Amino acid sequence: MSILNNKEVIVIIDAWSGGKHLIPAFQALGYFCLHVQSTFLPEVFIADNQLAIARSDRHIVHDGNIETLLSQLQPYTIKAILAGSEGAVGLADCLNDALELTFSNQFELSAARRNKYLMQEQLALKGVASINQQLAGHSDELKQWLAGHAHWPVVLKPIQSAGTDGVFICHDLAQALQAFEAILAKKDFFGSPNREVLCQEFLAGEEFVVNGIACQGEYFFTELWQSKKQQRNGFPVYETQYLHYQNDAGFDVLTAYTVQVCQTLGINNGAFHAEVMMTSGGPVLIEIGARVAGGADPYIIEECLGHSQISKLAQAVLHPAKFLQECRRQHDFSGHRRAAYVYMISPSPGRVQVSPEEKFIKIDGVISINYHYAPGDIQQETCDLLSSPGVIIAIRDNPALLKQTIAEIRDVEADFYHLGLIDE
């Protein structure tokens, strides 16, 4: 028996990482979901892409020809086109512009939302706090900027990438030149060659992730995360992220600044995921993505705050009037539950003897473990976010209990590295 309908369609491009939750979220509300796979599929997202193929009502593999893709979309009445991960942002902008969809961002600023150099230049142009930087395609350009900048450390990274891929913190000229050559010698996370390197001042302070949803130029902040990192061999490595919200210190300053950033970069509709450093002089953007947060589990925020980036994005797309009404309403989140992402940090490579999940899940407050290896695999040394062997998520009723849970997680992790791995 066949079923015919004229339902509006939600198009999701690269429903990977945090975006993998978008297809079931819209389908649960009765919407037909069409998934577009862009031209490059990073190896780390192969499993997520297979999940998107299985879940979606139709799957299209984009061959790089926009006109062909538009013709494939032509039979559908499209409600919205959404980027499911960072590499999809540019394609989503192109399709939204071609189809003149209203739930979209300012097309003229599309490049500034993806290119980290142009992003900071646009902020500086509009007088919004930004990073001192230089684009270098040759080592002489790097040396010239470093001589003029005259402050250490500095940050070198690709112009377009994801996570902490290819991000170096350099403390002297030798380290900077080595990082420069290392970045140029490899492709970025999305398979494009690095032909120039972004050189930036190092921001000292407390780092925050600021997540939210835009709708018709108004903004709802779903959650903030305070990020604790450590440096390993010149690389920034995530250690722990702590949930913050409206009643926590710094919320108003961080969100007011992020509104400025979104407005300056033309983020008027859809999800955004910003990394902001709270410096002694105030908040400064590290970078922002016009998409849902990568790797995020909406359960955590729903459990602690009663909403998530996924649920609020669906509301903004489907019921904008209700979304805007809730943006303007005062909410009391005092006493909200506390949560943390605890990232495993592997000190050295080793062959996995036994997986650690069962020991982690027994700790009070641990709700999930995402461990990336199986017995017999070689667990890699952690040098960035993508090489962390796993993440443990914890929820407790107050900060003291959460601190206790995190300490127990680190104890179990240390035992695992000592007893569960064989040196390679």
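Including glycine, each Cβ sits where the backbone N, Cα and C put it.
Sequence annotations record features per position, and here Swiss-Prot assigns ATP binding site to 147-209 based on sequence analysis. Using a 10 Å Cβ-Cβ cutoff, A179 (ATP binding site) registers 24 neighbours.
Counting every protein chain shown, the Cβ of E287 (Mg(2+) binding site) has 17 other Cβ atoms within 10 Å. According to DSSP, E287 (Mg(2+) binding site) is assigned to a strand segment. The annotation Mg(2+) binding site is assigned in Swiss-Prot to E275, E287 on the grounds of sequence analysis.
As annotated by Swiss-Prot, domain 'ATP-grasp' applies to 120-318, with the evidence given as sequence analysis. In the predicted model, the domain 'ATP-grasp' (120-318) has a mean pLDDT of 94.
When the Cα atoms are compared, L203 (ATP binding site) and E287 (Mg(2+) binding site) turn out to be 12 Å apart. Working note on the binding-site residues A147, V155: by count of other C-beta atoms within 10 Å of each C-beta, V155 ranks first. In this structure, the CA atom of A179 (ATP binding site) is 22 Å away from the CA atom of E275 (Mg(2+) binding site). Taking all protein chains in view, 13 other C-beta atoms sit within 10 angstroms of the C-beta of H171 (ATP binding site). Of the listed binding-site residues, namely K187, R195, the sparsest Cβ surroundings within 10 Å are found at R195. With all protein chains in the displayed structure included, the most crowded Cβ environment within 10 Å among the binding-site residues L203, E275 is that of L203.
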